[in-house]
Amino acid sequence: MPKEKYDPPDPRRIYTIMSAEEVANGKKSRWDELEISGRVRSLSMSLWSLTHLTVLHLSDNNLSRIPPDIAKLHNLVYLDLSSNKLRSLPAELGNVVSLRELLLNNNLLRVLPFELGRLFRLQTLGLKGNPLSQDILGLYQEPDGMRKLLNYMLDNLSVHPEQLPQRPWITLKERDQILPSVPFTVMCFNVLCDKYATRQLYGYCPSWALNWEYRKKGIMEEIVSCDADIISLQEVETEQYYTLFMPALKERGYDGFFSPKSRAKIMSDQEKKHVDGCAIFFRTEKFSLVQKHTVEFNQIAMANSEGSEAMLNRVMTKDNIGVSVLLEVHTDFSGAGMKPHHSSEKQLLMVANAHMHWDPEYSDVKLIQTMMFVSELKSIIEKAASRPGSPTPDSNSIPFVLCADLNSLPDSGVVEYLTNGGVADNHKDFKELRYNECLTNFSCNGKNGTPDGRITHGFQLRSAYENNLMPYTNYTFDFKGVIDYIFYSKTHIDVLGVLGPLDPQWMMDNNIAGCPHPHIPSDHFSLLTQLELHPPFLPVINGVHLPSRR
């Protein structure tokens, strides 16, 4: 788990008392440390209302018990209970996951609640001078004994077998009963690759629940239960694509396409098995494959660097990729018994999937990777829609669905770019780095176009999960936010509904510090939406050609 800097409390416990003048002038008092001493036998219930406390000194008293209410002090980083008469600890102490130091020296403790294993941020655990059982002492006295003991307790903590509550289906629009349309469902899911699921990153999760053999069952159960027509997955390990995902989904009537990150090209056969990438699966009953493409961002960065050091040193060094499939829609359009105009033409659908760079310090890289990907998709669509002797078709001529782990929040330049059709070439996410000369290569105007201060893409996209329908798609201890998205071209597609969030009250009641969790197999929540595809050419009704829907 990434460790924030922790400064232990000053042992001198220096304090100042405000003067009458400071009080009169409205100066606010601030105290987040408290010491209680004097051979105290019991604690006032009002203590547990001081939820702002970060440090609590309760040593050298005559306390024989600590009530479960200790869990209310959720900001505590330091708790000293040394030299008391404690014979047991409340299991609820394990919910104070902010703790960095827990001192229990010189008490009467024989056993410890396994719930202490949840204190994954602890850096100091004092247990000396307690008549603890030999199995606890044996672990504790080993090299790195504190960590081994906490891991042992977490791994052996019983987990309630209760089922996850069902996520609600949120209906946003009824299916069009007049105009012809085809409904289809799309899933987007970052499954958390095995090599990234480490105790260092996810210290709050038992090791057995991080193990891929355990997690893959929950992941496949979720994919199967969603039963989507199109499935976009990120962080799919190469070997798992061929041994798990593709065989299991092929049995259920899917075909698929997968590409690993670019680094796989320079690895041995054994090493490349563990490289992750992006996969798209589609139900063959509804779609057939026309084209498939892999977009390697580092190659595009190198080809379009235009002398920009930032492009070479920051963008080209990241080996993220995107994939796309051009599909032919099998299902006939229907609505009030009508067939679409130009029904002899194939109805195509572009589906794309990408996983952008993760580091928050590289907002410029995420934005440029997104621009490169969308620019490539625009070229693919225009080429697929072109006809001999006809002008270059509009990029919106083929319906388009984009699934991605963008590693970017809704207020980012990445989401602004996709939603609004472009961003300013001096957007703050570029970090004032010198990209201007190469960014025009990815804009609608092209390299030789007239500069207008914006980088645009020409698509008309909308997010399926608008209006904060999901409070977060990634849920870890250190970060909770929306970084996964499904976008669709609003010229041809409507969203009918989406799968809503997991009940936040359940998360709270079960003290879910972060995911993965024994009941939740990834650190991401899947997205699922039902979309409605309308044909680009609408039929004639009573001699009148219906106008465009937008």
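Each residue, glycine too, has its Cβ placed from N, Cα and C.
Feature annotation from Swiss-Prot assigns active site, proton donor/acceptor to ASP405. The DSSP secondary structure for ASP405 (active site, proton donor/acceptor) is strand. A C-beta separation below 8 Å, combined with a sequence spacing of at least six in one chain, links ASP405 (active site, proton donor/acceptor) to CYS188, ASN190, GLN234, GLU235, ALA354, HIS355, MET356, ILE483, ASP484, HIS524.
Counted within 10 Å of its Cβ, the other Cβ atoms near GLU235 (Mg(2+) 1 binding site) come to 24, all protein chains included. Sequence annotations record features per position, and here Swiss-Prot assigns Mg(2+) 1 binding site to GLU235.
Feature annotation from Swiss-Prot assigns substrate binding site to GLU235, GLU271, HIS355, PRO360, ASN407, ASN474, PHE479; the stated evidence is similarity to another entry. Long-range Cβ contacts of ASN474 (substrate binding site) within its own chain (separation 6+, distance under 8 Å): ASN190, LYS480, GLY481, VAL482, ILE483, ASP484, ASP523, HIS524, PHE525.
Among the features that Swiss-Prot reports, Mg(2+) 2 binding site is placed at ASP405.
Summarising the annotation, Swiss-Prot assigns region 'Required for interaction with cnot1, cnot3 and cnot7' to 1-148 and lists similarity to another entry as the type of evidence.
Feature annotation from Swiss-Prot assigns region 'Nuclease domain' to 153-550.
Among the features that Swiss-Prot reports, repeat 'LRR 1' is placed at 52-73. Tertiary proximity for the repeat 'LRR 1' (52-73) is limited to same-chain residues at least six positions away from its ends with a CB under 8 Å from its CB atoms, namely 9, 13, 32-43, 45, 79-93, 95-96, 103.
When the repeat 'LRR 2' (75-96) is classified with DSSP, helix, strand and coil residues number 5 helix, 3 strand, 14 coil. Feature annotation from Swiss-Prot assigns repeat 'LRR 2' to 75-96.
What Swiss-Prot records for 98-120 is repeat 'LRR 3'. Panel annotation: around the repeat 'LRR 3' (98-120), residues 1, 6, 8, 59, 74-92, 126-133, 136, 150-158, 203-204, 477, 511, 513 of the same chain, lying at least six beyond its termini, place a Cβ under 8 Å from a Cβ of the stretch.
Summarising the annotation, Swiss-Prot assigns repeat 'LRR 4' to 121-143. Across the repeat 'LRR 4' (121-143), DSSP assigns 7 helix, 3 strand, 13 coil.
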For the repeat 'LRR 3' (98-120), residues assigned helix / strand / coil by DSSP: 5 helix, 3 strand, 15 coil
For ASN407 (substrate binding site), nearby residues of its own chain (Cβ under 8 Å, 6 or more apart in sequence): HIS355, MET356, HIS357, TRP358, LYS366, ILE483
DSSP-assigned states of the repeat 'LRR 1' (52-73) in counts, ordered helix, strand, coil: 5 helix, 3 strand, 14 coil
Most distant Cα pair in Å, residues GLU235, GLU271, HIS355, PRO360, ASN407, ASN474, PHE479 binding substrate: 30
Site of maximum Cβ density within 10 Å, from binding-site residues HIS355, PRO360: HIS355
